[in-house]
Amino acid sequence: MEQGKGLAVLILAIILLQGTLAQSIKGNHLVKVYDYQEDGSVLLTCDAEAKNITWFKDGKMIGFLTEDKKKWNLGSNAKDPRGMYQCKGSQNKSKPLQVYYRMCQNCIELNAATISGFLFAEIVSIFVLAVGVYFIAGQDGVRQSRASDKQTLLPNDQLYQPLKDREDDQYSHLQGNQLRRN
């Protein structure tokens, strides 16, 4: 069993090292994303050393900027900007940067206060429901009259009337002359 654990650790270490090596290979990452703007807009910045910068989205040219304006505004992050963006200077073209925003408009941030609020509301609602069921079920809906306590009860032999013997009825005898066939 120890050999299996050792093999699993070795495989995991190899996979993690491959990911680290793949990330450390530096490419031509000239495009950077800045999405912490006060107005909620998403900006792309090109670090190319050129006077004129051309922006591409999904392989198609979308804009042309001068050197002093290296930032491309994608608009509000609530509009879910997405696509493969590249910038090109006079000498080189950046690697593509995939931008994909998925903003949740009606989401709730789950933190300790929110979860405790949900739990408190759930406990209170269960308590209110239990108290309501207790009071509704505890009420006597039909009250018996006191006259039933004063009735004279019949003796056991008078409760039931004996059956009369009849020869003409189908079920008048328990045993029949004919056997039932399937």
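Note that Cβ sites are derived from N, Cα and C of the backbone, with glycine treated the same way.
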Looking at Swiss-Prot, which of Ser94, Ser145 is flagged as phosphoserine?
Ser145
What same-chain residues, at least 6 away in sequence, bring their CB to under 8 Å of the CB of Cys46 (disulfide bond)?
Leu30, Val31, Ile53, Trp55, Leu65, Lys70, Lys71, Trp72, Cys87, Gly89, Ser94
Asn92 (N-linked glycosylation site) to Asn52 (N-linked glycosylation site) - Cα separation in whole Å:
12
DSSP helix, strand and coil counts for the topological domain 'Extracellular' (23-116)?
10 helix, 41 strand, 43 coil
